[in-house]
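> Take a look at the following structure, please.
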Amino acid sequence: MKLTCMMIVAVLFLTAWTVVTAEPHSSNVLENLYLKAHHEMENPEASKLNTRDRCQRANFVCDAFHHAAVCCEGVCVLVCA
């Protein structure tokens, strides 16, 4: 019985904590994301999604620090293939 009461109190406390610490104006967060995306559509250079300029050519030597993310095509197995 005591364990059940403690569990109920813990759940109520965590629920209250979530409500108290919640973002008060969460709609503004979505609005800001929309405005940022709209700006990136008007100015493609501002977009962080255009990462093709950081791609490495084929036969680029890649190691533990330069992994498959830097190869434009294929995979990294000691060199970009």
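Placed from the backbone N, Cα and C atoms, the Cβ positions cover glycine too.
As listed in Swiss-Prot for this protein:
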DISULFID  Cys55-Cys72  disulfide bond
DISULFID  Cys62-Cys76  disulfide bond
DISULFID  Cys71-Cys80  disulfide bond
SIGNAL    1-22  signal peptide
> For Cys62 (disulfide bond), which of the three DSSP-derived states applies: helix, strand, or coil?
coil
> Go through Cys55, Cys62, the listed disulfide-bonded residues, and name the one with the sparsest Cβ surroundings, counting other Cβ atoms within 10 Å.
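Minimum Cβ neighbour count within 10 Å, taken over the disulfide-bonded residues Cys55, Cys62, occurs at Cys55.
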> Tell me the Cα distance separating Cys55 (disulfide bond) from Cys62 (disulfide bond), rounded to the nearest angstrom.
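Here the two Cα atoms are 12 Å apart.
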